[in-house]
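According to Swiss-Prot:
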type	residues	note
REGION	1-237	region 'Pyrophosphorylase'
BINDING	13-16, K27, Q82, 87-88, 110-112, G149, E164, N179, N235, R341, K359, Y374, N385	UDP-N-acetyl-alpha-D-glucosamine binding site
BINDING	D112, N235	Mg(2+) binding site
REGION	238-258	region 'Linker'
REGION	259-488	region 'N-acetyltransferase'
BINDING	A388, N394, Y395, S413, A431, R448	acetyl-CoA binding site
REGION	459-488	region 'Disordered'
Amino acid sequence: MPRTRTPLAAIVLAAGKGTRMKSNKAKVLHEVAGRPLAYYPVKRALELGASPVVVVVGHQAEAVEAALSAALPEAPLRFAVQEQQLGTAHAVLAAKRALRGYRGPVLILSGDTPLLRAETLEAVVSARRRARAAVSLATMTLEAPRGYGRVVRDARGRPARIVEEKDATEAERAVREVNAGLYCVDAELLWKKLAKVGTANAQREFYLTDLVPMAAQAGGVAGVEVPVEEASGVNDRVELSRANRVMVGRLAEAFMRAGVTIEDPARFDCDEGVEIGADAVIEPNVRLRGRTRVGARTRVGAGAVITDGVLADGVTVNPYTVISEAQVAEGAILGPFSRLRPGADIGPEAHVGNFVEVKKSRLGKGAKANHLAYLGDAEIGAGANIGAGTITCNYDGERKNPTRIGEGAFIGSDSILVAPIEIGAGAYVAAGSTLTDPVPAGALALGRARQVTKEGWVAQRQAEKQMKGTATGPASARKGRPAARRAS
């Protein structure tokens, strides 16, 4: 990743409400690949070596600050508040105090551009340095530039000014080169020129673009054309969805080039920050969320959803398994249709089968719960076998209680283990038992009613029913009328 060799600060503009999102949440908090929109331009500036990075917040300022601080806890972030949203120049001025004493270039970028690459930022920064210009700015060429500020160049082909669409003439609106909202400018020049920006425009706002003609007079402006995909901002849900698809596609491509098989990248979904080891196989419609780590040679079946899960090497996750804040050791087999809730710890070569739910429990090496079970607050020893329908009754209405099952124990189908309870190593629990007391190692426990078998009961019952019907007779006979006869 490129890093600038000279001092560099950055300002990320993230104060707007984003009315076109039609949301109660600030626009920059909407997520792409599991991260807030503003996370990406901040992260790219950091990758370039910018320090500090000042984030200008406004609408829902506390929430934006909290989200970025949580996502980038070690980053040299500073926050500046734009109390009123009076335009982009006004927003940049809000960052002045946070950069007090800093001398050097300042990179200015928008908080709603998640697809920018660090290489693109480096191109804008280096263009100013190479051209010895006062300002460098990113531009892009659009087939339909509606809504964007047009870049007007001088006779020598250098950017001379940017005209917002509402202020543009017909000739200027025909220009297809537009402002991408990405600038690099010397800090001293920035504060000096912004003090002169006024509101003589259709929006009655302080435009950052007014800096361009001033810079053209002070040392020139260097223009850098950048890819449309990268510089296009996210303004509504449609654009958010497109940006998410592009970002996930980039992640998928990086995984595949690193040796991961993704069977259908178009039906793959993951968050930024997910890790996948070499020779892992990801089937269609898998979702990998949060800080999930998938080990080498692990196979994740179709429809699985994993959030903050840690899977070791060689794990098999069968289709439609749901994992959340759980860890799985090497060689374990999960699913299909199993669920690991927070605190589940599945040991090496253990099996958690279909419709088995595990919460805050550890299964030792080779332990098996293959069908229809609930295991909560349990410690299950190596090699233990949990039969279908087994339930650990861990909650007594006030607190959670533990269940301990020893190594090699065998729990019969449809058993109910009322916690707190301990089943010793090698013990057997008969099918259908409800247990409340400890079971010693090597013992057999039965906790069910004794079976009673009544031979001939069905025939006796049928005879009794027949006798009852004969004694009562048909309804017509009881009323003194002859019974109706059926034609033969």
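Any Cβ shown, glycine's included, is placed from N, Cα and C.
Here the structure is a predicted model, which means the values were calculated and not measured.
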Residue counts (helix, strand, coil, in that order) that DSSP gives for the region 'Linker' (238-258): 20 helix, 0 strand, 1 coil
Inter-residue C-alpha distance, G87 (UDP-N-acetyl-alpha-D-glucosamine binding site) and N394 (acetyl-CoA binding site) (nearest angstrom): 58
Proximal residue to S413 (acetyl-CoA binding site) among binding-site residues L13, D112, E164, R341, N385 (C-alpha distance): N385
Nearest-integer angstrom distance between the alpha carbons (Cα) of N385 (UDP-N-acetyl-alpha-D-glucosamine binding site) and R448 (acetyl-CoA binding site): 20
Those binding-site residues, out of D112, N235, N394, Y395, A431, R448, that come within 10 angstroms of L13 (UDP-N-acetyl-alpha-D-glucosamine binding site) at the Cα: D112
Site of maximum Cβ density within 10 Å, from binding-site residues N235, N385, N394, S413: N394
Rounded distance in angstrom between the Cα atoms of E164 (UDP-N-acetyl-alpha-D-glucosamine binding site) and N394 (acetyl-CoA binding site): 65
Alpha-carbon distance [D112 (Mg(2+) binding site); G16 (UDP-N-acetyl-alpha-D-glucosamine binding site)] in Å: 10
Sequence-distant neighbours of R448 (acetyl-CoA binding site) in its chain (C-beta under 8 A, six or more apart): A430, G432, S433, T434
For L13 (UDP-N-acetyl-alpha-D-glucosamine binding site), the number of other Cβ atoms found within 10 Å of its own Cβ: 27
Taking residues A388, N394, Y395, S413, A431, R448, which bind acetyl-CoA in the record, the widest Cα spacing (Å, whole number): 22
Residue with minimal Cβ packing [other Cβ atoms within 10 Å] among the binding-site residues D112, E164: E164
Intrachain C-beta neighbours of G111 (UDP-N-acetyl-alpha-D-glucosamine binding site), sequence separation six or more, cut-off 8 angstroms: V12, L13, A14, G16, V28, L37, A38, P41, V42, V55
